[in-house]
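**Student:** One structure, as structure tokens, below. Some questions next.
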Amino acid sequence: MLRESQKRRMDPAIERKGDEDITDQLSSIHADDSLLNLHDVQNWRVLKHILNDNNVYRLLGFVPFGIVAGLMGLNPTAVFVFNLLAVVPLAVLLSAITEDLSKNCSQSIGALLNATFGNALELIVSTVALTRGEIRIVQANMLGAILSNLLLGLGSCFLVGGFRRDCRFNATAAQTMGSLMVVASMSLVIPAALNMAFDHTTMTRSPNDILVLSRGTSIVLLILYVTWLYFQFQTHSRLFEQTNANVDSGHADARKGKQDDALSPQAAGIALLTTTIMIAVCAEYLVSTIDGLVHTLGINKIFVGLIILPLVGNAPEQVTAVAAAAKNEVDLALGVALGSSLQIALFVTPFLVVVGWIINQPMSLCFEPFDAVVFFLSVLVVNSLIADGETNYLEGAMLVGTYAIIGTAFYVYPEDHNSV
């Protein structure tokens, strides 16, 4: 060993090689650290750009106010308002992060991500209400979100876009989505009609009959939704080229290989998880204070779930659609309004029925007969207006007026029907 040690000391080549190995290792470590720091800086830059891109993020200041107000048990109305204002920017942020994450994905995967998180606010709020056994609030929130997009959102787009000129849009895409909405409306009408038939017959009835029908129908609707995504983005994408191009126009630059403008998958995942948790916390306080809000203001609980929550929750998305319609991008506006309604009817609502099945909550598609009739008639009105592929401000006024009539009807909705 002494001779080997002396030999190494006497051999400068061996010593130089050892020094070079150490230098290479240190350089590799510094390079990894620099790359990590570069990614961190890039992620912060992209996140800062997202937050500065929309004024609605100024409402993020209500997030700590809402949580603190809920923890301190303040007035239910204050807790409700703070948390309602808090979930709006969180929902927009969740959607923006999802779109950013989809930049590096294929069109079909991006569509699936947007479908999953596009209506995350309704999904999370309804899931929280479902765990608390507020089945009627869940049903009202789902129906209200659909009607808000289908009548108020689409009507506002037609009203603004067609005020100075008649607008044309992709009739094929519109009619296809309209037909799917008819199928979705039937999924509510049939359980309601069956329930009424049971009430007017002397035949013996199992308490689970409506639940069995609802759960089976929900599975069919989920399969139809997946089939619709595959139809739109894979096998028959040529029929939706104009609509798909408009919906994806905001991401055109990102899909040209500029991946540096997107969050890393790890950062996007962390941001999605954090935002979802904050929405869930605010939604918990939001749902828990509905009874106190109804008692304080003397309004109908169903009116809160069907009108107030969807109006605030869908406001940012509808503003985007109306802005697009004002620029004569009616296909984009139509895709946002009808597409969002379709997601809730074919994906979110049946998904909640399955979730209720799993957690042993009797969530069903058996809405009140009045709810089912309103939904079905609304779909018929929309389908009659989009059949020709043209629109104007009068048709927009008709849709907005229909929404106002429905809102008034639910404002005077009998209170004793709320306990369902």
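Placed from the backbone N, Cα and C atoms, the Cβ positions cover glycine too.
Automatic, uncurated: that is what TrEMBL annotation is.
Checked TrEMBL, it gives:
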TRANSMEM  55-74  transmembrane segment
DOMAIN    77-233  domain 'Sodium/calcium exchanger membrane region'
TRANSMEM  80-97  transmembrane segment
TRANSMEM  109-130  transmembrane segment
TRANSMEM  142-164  transmembrane segment
TRANSMEM  176-198  transmembrane segment
TRANSMEM  210-231  transmembrane segment
TRANSMEM  267-287  transmembrane segment
DOMAIN    271-408  domain 'Sodium/calcium exchanger membrane region'
TRANSMEM  332-358  transmembrane segment
TRANSMEM  370-386  transmembrane segment
TRANSMEM  393-413  transmembrane segment
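So that I understand the layout, could you describe where these features sit and how close they are to other parts?
**Tutor:** Proximity of distant same-chain residues to the transmembrane segment (80-97), defined by a Cβ-Cβ separation under 8 Å and at least 6 residues beyond the stretch ends, is recorded for 50-51, 53-54, 56-60, 62-63, 65-67, 69-70, 114, 117-118, 120-121, 125, 263, 268, 271-272, 275-276, 278-279, 282-283, 285-286, 289-290, 292-293, 308-309, 312-313, 315-317.
Distant neighbours of the transmembrane segment (176-198): 150, 205, 209-210, 213-214, 217, 221, 224, 228, 239, 338-339, 341-342, 345-346, 350, 364-369, 371-373, 375-376, 379-380, 382-383, 386-387; these residues of the same chain sit at least 6 beyond its ends, with a Cβ under 8 Å from one of its Cβ atoms.
For the transmembrane segment (332-358), the list of distant contacts is 115, 118-119, 122-123, 126-127, 130, 135, 138, 142, 145-146, 149-150, 153-154, 157, 161, 169-170, 173-174, 177-178, 180-181, 184-185, 187, 211, 214-215, 217-219, 221-222, 224-225, 228, 243, 246-247, 249, 314, 317-318, 320-322, 324-325, 364-365, 382, 386: same-chain residues at least six beyond its ends, Cβ to Cβ under 8 Å.
Away from its own ends, the transmembrane segment (370-386) comes close to residues 139-140, 143, 146-147, 150-151, 154, 158, 169, 171, 174-175, 178-179, 181-182, 184-186, 188-189, 192-193, 334, 338, 395, 398-399, 402, 406, 409, 413 of its chain (Cβ-Cβ under 8 Å, at least six residues beyond either end).
Beyond its flanks by at least six residues, the transmembrane segment (393-413) meets 147-148, 150-152, 154-163, 299-300, 302-303, 306-307, 370, 374, 378, 381-382, 385 of its own chain at Cβ-Cβ distances under 8 Å.
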**Student:** What does DSSP give as the helix, strand and coil breakdown of the domain 'Sodium/calcium exchanger membrane region' (271-408)?
**Tutor:** 114 helix, 2 strand, 22 coil
